[in-house]
Amino acid sequence: MTSMGRPSDQNLETKEIDLRSMSSSSHGQVPQVYKVAVPPRQNLFKEFQATIKETFFADDPLRPFKDQSISRKFILGIEAIFPILKWGRSYNLKKFRGDLISGLTIASLCIPQDIGYAKLAHLSPQYGLYSSFVPPLIYAVMGSSRDIAIGPVAVVSLLLGTLLSNEFDPIKNAEEYQRLAFTATFFAGITQATLGVLRLGFLIDFLSHAAIVGFMGGAAITISLQQLKGFLGIKTKMFTTKTDIVSVLHSVFHTAHHGWNWETIVIGASFLGFLLVTKYIGKKNRRLFWLPAIAPLISVILSTFFVFITRADKKGVEIVRKIERGINPSSVKDLYLTGENLGKGFKVGIVAGMIALTEASAIGRTFASMKDYQLDGNKEMVALGTMNIVGSMTSCYVATGSFSRSAVNFMAGCQTAVSNIVMSVVVFLTLEFITPLFKYTPNAILSAIIISAVVNLIDYEAAILIWKIDKFDFVACMGAFFGVVFVSVEIGLLIAVCISFAKILLQVTRPRTAILGKIPRTNVYRNIQQYPEASKVPGVLIVRVDSAVYFSNSNYVKERTLRWLTDEEEKVKGDYPTKIQFLIVEMSRESLYFNPKFVIPLTNSRSKTFIFVLLIFYYLLSLVFMMQPLLILIQVASKPSKSYIEVLKREELSLFWQILVQ
């Protein structure tokens, strides 16, 4: 018989519950009685409101506005949108000194990289410089990270170039290609800003770290292979436009006898060696961090001067030839806002925006944790989205946080985002006065700079660690890696996303379970496989379910728990000292102490089925009413003295309902 009734007013204050245990009944001890207060009844609307708040506003962004005057709220709102107005009040000359040094340092690194990355995206060199002028200024005003250096990056440039080339030929349809690049940048910014405004940044976390490691490593190899054309001086127009390793290597060796230029190879190999050596020195000696940062600019200056005085361009060495002079022209009229190209730009923009956002978020979190300050992820998304929207209207393509430049910025001693402003000023001066000097810069040196920059993206140490920790994560890592290297960038990205979602579904539908044992001389219970010293309690089987129970995994949890019980019963036939009398199912995330929530006799399979139906019912209620996970104690004695189910309150956890079975 089961009874569920509305508690009386007296019961709302306190309720006496008799806690019975196997030990007390077996030793004839008097049962202990505890008084448990029943929590007040909650309004359904308030429960729903609290759920929404915890889901989308866990950081409580409106707390600073509480109990403030209207004028003060207005000021706080402006500061929330433009953080520079908040930290700018405490800015001083000492901070500017650090920002000036770091800004000049990253500017010397970004100028040659930007020219190379623009060619990687199949755009004219000046568009790379444009993307390091306007977006960093916008981010400095709206961003909350002190260390991120904004500009084009290799992976996004490759991705953008690959996806856009599928729509238009960058040589035959240069104007349409360029307009589609600006349109994709616009929608990349819209995507990023929308995720920030709607506070949906958690969506980027669905792309697992293992998949990102594999994707970045594969992209690094693909980028390096793409640079072989400029590095070897191959001029033929028959060079493949595909990115997979088989097609690229076939084109490279097919042109070996008549397409390679030995002068170009000498220039590229010499300066690539120089760049790698300086990078190694900077890694070994942190005080020389500026050496690998300034090495690309030194390489550009020396190689340009060498080609100019020897006129190597007349001997087959390919050069940049021309970079447009002046700051960013308006590109508002170039955006595709109607027609079929609107859909193409939207599709490419979403993919490029998500990858750019993932990279920037990872970089921002890394340096924020190193300097111990809080980074607002949603504000970051709005800032990144706004700068790309404005950038798309000022002849820029997708910009984001660069790891190499951000690392240099960090080691150079940056204090605030003013370092991005300093970098933008240097790029502005370069666009106005220095771009004609890049006319004789060889393409081989740009290829060498890109190759040296993407080498660090191949994180083999992280792949080894992933293999040691989780083999399924390693499969995701290798799937993304081989997908990029042997097929294409978009296929590799698709594989990375699919495997990440597959892992999430697998963990939800097949949660981990473990048998717990007691740590000697403590009241703590842990996994007996991870803690060999933990010992089982005679007559008791403790099973932990490392996940919430949903409709998708409820049947598996039931079958797995019953299989544990069957395995233990088979051991009883051997030399196992005691039959299993109790089954404890731990479903909370807390450390397990012997504090039962249910005491349930389990005498047959029908009782087992009833128990698990009860558990499923409880967890369905928990999804709606935010109830806490429970610890289940199930008695499996063959002849229990009394049949009952009791729901007990544990410390501050809510007592939602009580079922008594006579």
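From the backbone N, Cα and C atoms, a Cβ is placed for every residue, glycine too.
Curation plays no part in TrEMBL annotations; they are all automatic predictions.
Over in TrEMBL, the protein carries these features:
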type	residues	note
TRANSMEM	148-168	transmembrane segment
TRANSMEM	180-200	transmembrane segment
TRANSMEM	206-225	transmembrane segment
TRANSMEM	260-282	transmembrane segment
TRANSMEM	288-309	transmembrane segment
TRANSMEM	417-438	transmembrane segment
TRANSMEM	444-467	transmembrane segment
TRANSMEM	474-502	transmembrane segment
DOMAIN	530-588	domain 'STAS'
TRANSMEM	610-634	transmembrane segment
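Note on the domain 'STAS' (530-588): DSSP counts are 19 helix, 12 strand, 28 coil. When each of 148-168, 260-282, 474-502 is scored by its Cβ pairs under 8 Å to the transmembrane segment (206-225), the top-ranked stretch turns out to be 474-502.
A contact links the transmembrane segment (148-168) to the transmembrane segment (474-502), because at least 3 Cβ pairs that are 6 or more residues apart lie under 8 A.
Note on the domain 'STAS' (530-588): mean pLDDT across this stretch is 78. Panel annotation: around the transmembrane segment (474-502), residues 158-159, 162-163, 206-208, 210-215, 217-219, 221-222, 242-246, 351, 355, 463, 466-467 of the same chain, lying at least six beyond its termini, place a Cβ under 8 Å from a Cβ of the stretch.
Residues 105-106, 108-109, 111-113, 267, 271, 274-275, 278-279, 281-282, 317, 319, 408, 411-412, 437-438, 440-442, 444-445, 448-449, 452 of the same chain, all 6+ positions outside the transmembrane segment (288-309), place their C-beta atoms under 8 angstroms from a C-beta of that stretch.
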